[in-house]
């Protein structure tokens, strides 16, 4: 007899793989594509990629509070179809860039993201129990992160040898992205309803934005969710963890949008537009390796607690920021340049650029897996507001970072990241120390 819960998880993961192969690659090349479209002869397009991405995360942060009600009304399956369709509209808008369509699409995809991820958490929870949740979340996470490899591999071959992204090249790029996103949305239609799973069976499950109230057919409205979350935010531990949440939002902005643009704008590099795809693939490889080491194999790698893993992430990101500082010209996040970096005899260097991509992805995975771990350990009875706060703070910080990314030189962006990396890691250590001494060492249970 077929295990339809496992089949559902596989179809869910494949759907997200298609959608985010398109969207994550789109985010990495968006500013470059928009700059070339704006600079084209007789162009009336005036959009800005960083402003678009900032808008997405502002709306995503706010929409987290209404998403549970949407999922309660439509159900997880059709909520994911709706959310995925809004992603499709945004990606398709690049086939013929228009300023109004860019920003309307940014608002729509921000709403779609909140609905999609809330529904994903609910659906994955409904298809898991205490014995299968680790396996299921691991399968989903692995399929999701593989999107970075797939999308950027296509981007690399399509942009290889290009000096600018022409209209015809952009049409092919976003035509394929739109097709991939459509396949992801279509796959959700084939999801089947799973037998009911009691919330008691899955206590401590860390799955994206978990919505226990939806599972039990007791939908909490956005106002109630907001009140619960702000009450939780007022506690000492959550205030400290919020600093770490904010850091993950800042570095998410950097590796998903700013770094690829900076590499592309460094015209002294060999084939810089195609190099975006290579860097994106290595970011994905870092995410997958880190997630496998500290997520899927968490019981083995977490034997000494969460602190050593976060410390490793801190060191990896510190090395990455330093290498980027000496490898990429200061003006690169803002404009195309032929400038050399600080050590002009050696840098800019393509291999260092790719290595930094891997370090950014690996470091990101260490912080995120341990945040999921500590939230599930400390807030088993308040997981929904805890994870909503995490997503809210992360999205808000990402939006702020996209707003300043278009005006600050690279060195100042890296300085902000390094300061927040220190503060976020330190705050995490304080909370982890208190939790381990109060409750004993917490073991990691599962991942996003």
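Using N, Cα and C of the backbone, Cβ positions are placed for all residues, glycine too.
Just so it is clear, the model here is predicted, and its values are computed rather than measured.
What TrEMBL records for this protein:
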TRANSMEM  7-25  transmembrane segment
TRANSMEM  45-66  transmembrane segment
TRANSMEM  78-96  transmembrane segment
TRANSMEM  102-126  transmembrane segment
TRANSMEM  138-157  transmembrane segment
TRANSMEM  172-191  transmembrane segment
TRANSMEM  238-262  transmembrane segment
TRANSMEM  274-297  transmembrane segment
TRANSMEM  309-329  transmembrane segment
TRANSMEM  341-363  transmembrane segment
TRANSMEM  410-431  transmembrane segment
Sequence-remote partners of the transmembrane segment (138-157) [C-beta within less than 8 Å, at least six residues beyond its ends]: 9-10, 12-14, 16-22, 24-25, 28-29, 124, 173, 176-177, 180, 274, 276-281, 283-285, 287-288, 291-292, 295-296, 361, 446-448
Maximum Cβ pairs under 8 Å to the transmembrane segment (172-191) - stretch from the list 7-25, 102-126, 274-297: 7-25
Closest-packing stretch to the transmembrane segment (341-363), where packing means Cβ pairs under 8 Å, from 7-25, 45-66, 78-96, 238-262, 410-431: 238-262
Long-range environment of the transmembrane segment (7-25) - Cβ separation under 8 angstroms, sequence gap at least 6: 80, 84, 87, 90-91, 109, 116, 120, 123-124, 127-128, 136, 139-140, 142-144, 146-148, 150-152, 154-155, 176-178, 180-181, 183-185, 187-188, 190-192, 194, 256, 277, 280
Per Cβ pairs under 8 Å, the stretch of 45-66, 78-96, 238-262, 274-297 packing most closely against the transmembrane segment (410-431): 238-262
The transmembrane segment (45-66) in contact with the transmembrane segment (274-297), cutoff 8 A, at least 3 CB pairs, sep 6+: no
Sequence-remote partners of the transmembrane segment (78-96) [C-beta within less than 8 Å, at least six residues beyond its ends]: 15, 19, 22-23, 26, 30, 33, 70-71, 102, 104-106, 108-109, 111-120, 123, 170-171, 174-175, 177-178, 181-182, 184-185, 188-189, 191
